Structure formats: C-alpha cells, structure tokens
Amino acid sequence: MTLINRSKPFVLLVGFSIISSLLLWVSQASVVSSGDFNKDFFVTWSPTHVNTSNDGRSRTLKLDQESGASFSSIQTFLFGQIDMKIKLIPRSSQGTVVAYYMSSDQPNRDEIDFEFLGNVNGQPYILQTNVYADGIDNREERIHLWFDPTKDFHTYSILWNIHQIVFMVDQIPITLYRNHADKGVAYPMLQPMSVQASLWNGESWATRGGRDKIDWSKGPFVAFFGDYKIDACIWKGNPSFCNGESTENWWNKNEFSSLTRVQKRWFKWVRKYHLIYDYCQDYGRFNNKLPKECSLPKY
C-alpha cells in the first residue's frame, strides 16, 4: 500500500505563508511618509497653538505668553533619513527656540537635535546641533546660516545610520557625529526615536546667554513647517530588522558610511566660514579633557 504524506502540502503552505508575511513585514519596515501632518504626527502640547492646513501639507506652531506648542510622529524609527522644510520666526525672535529633532524620550535617552535660536531684529539666527547618546549630550555645535531662514522654507535633514549621523541644510552637511562605539564612544544604536518639533520660551539661555529676553509686544511668534519626508525603519521591537543592509534600509549601505568627496568640500566650507562654536574646541569647558570623539576622525 502506498502511503500518501498529506502533511507535506500543508507544511509547504504554512512555510510559504510565513515567508510571505515576513517579506511583507520587512517591506513595511522602511516607510516613505504620507506628507500629511494629520496622518503622521499628533499634537503633544497646546493644540490651540497648532494650526494645520486643510490638506495636511503644512503646519504652524505659535508661541505667546500663554504657551508654546509641539508635535511628534506617531511611529518611532531606528535609522533612516528625515527631511523637514521649515521657515523661522521673522524679525525680533530673541529668546525663542524652534526645535526639530529625534528623541527616544527615555531617562537615558538618545536624541538628535536641530535647535534654532532666535535673535534681535537685524542679527542672524543661530543654528545649534546636539547629539545625546545614552543620556549624555554636551555635543553642541553652532553655525550662522548663509541665508535668511525667515524669508523662505529650507530643508533640514537628519541622516542617521549605523555608520554616522549627518545634519544637513539644503543637503549641505553641517555637523557629523561618527559611530566610534568600538572605541568606547557612545552612539545611538538601540533606542527607537520619534520625530518631533516644538516652539518654546528659551529666553533664560537662547540669545546671548539669556541677556536678550523675548519682546512679547512683537508676538505671537509663529514657526512654519512645510513638506517633509520620513524614509526610515519603523520600530517593530527587533533592532536586527533595522541595522542591516537591504534595499529598504538603503541608508545603511556602505556608500553612506561616509561623506562623498563633494560633501566633504561643502562640510569644510561650512566649518571654515560659518561655524561659530564647536564643543571639540572648547578646552575650558572640559578642563582640557575633551570628549574622546574629538580626537577621532569624522569620516
């Protein structure tokens, strides 16, 4: 009598189903955002101070004596690239801070910050970047932009991968933080982060160390957020799906492990003509013991 293995088709079917589900799961790990603030973000502070266009393509945050405002992405991510178009507060913006950043919101949080520090009328905005790794920051760098960021929208980008963090303005790299974890330098690797933006009162420190306060007679103060793109690995609870090389996780490929030759030229130009503060040059702040990464290559 011939025995028929009736379990084999079932095993094959189950195996095919698992593989199909896994492929679908991986393909969804990398997301290109909808471009609709209402679908990708939620308001985290003062909804009355947040205004979104009817089509969801633009959003404003308002600061007055009553409150500031903020919003955050619904999803969290581990590695990817985030682009956001922002137009800053015009004229007398001293004491105000517009922040656009990624954060894990944990006690030992990882965070990647753009902070735009307002100034008195006629003086340039200061763009400050910072990186938190395992709860430790003190990695501030500051530049003066080569354009007026209040006149029009400009694109501010964060490329975060297993090799490096690159802050970019209109695709020009302005700040680098390299992964030197193998040399004992903390690097954001395991904590998923959300994309956030806020407008708040930072007059205690933001402009000339707090000497220039907010002039409330010039308010309310409004920051504008336009087109954005989130192309990143959605956190599903397993870092291995985000820290590998794949078609979806393009940012982890070797070609993005360092700056290109052209990017290096732009980076050096920014450092030569627009950098006004670099923590790696502040020996007094660190009692002549600069953080370890300051002596390691950026690319």
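From the backbone N, Cα and C atoms, a Cβ is placed for every residue, glycine too.
Model, not experiment: these values are computed from the prediction.
Per TrEMBL, these features apply:
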ACT_SITE  E111  active site, nucleophile
ACT_SITE  E115  active site, proton donor
DOMAIN    14-225  domain 'GH16'
SIGNAL    1-29  signal peptide
C-beta crowding around E115 (active site, proton donor), within 10 angstroms: 19
Chain-internal residues, separated by at least six, CB under 8 A from E111 (active site, nucleophile): Y101, M102, S103, S104, N130, V131, Y132, D137, P188, M193
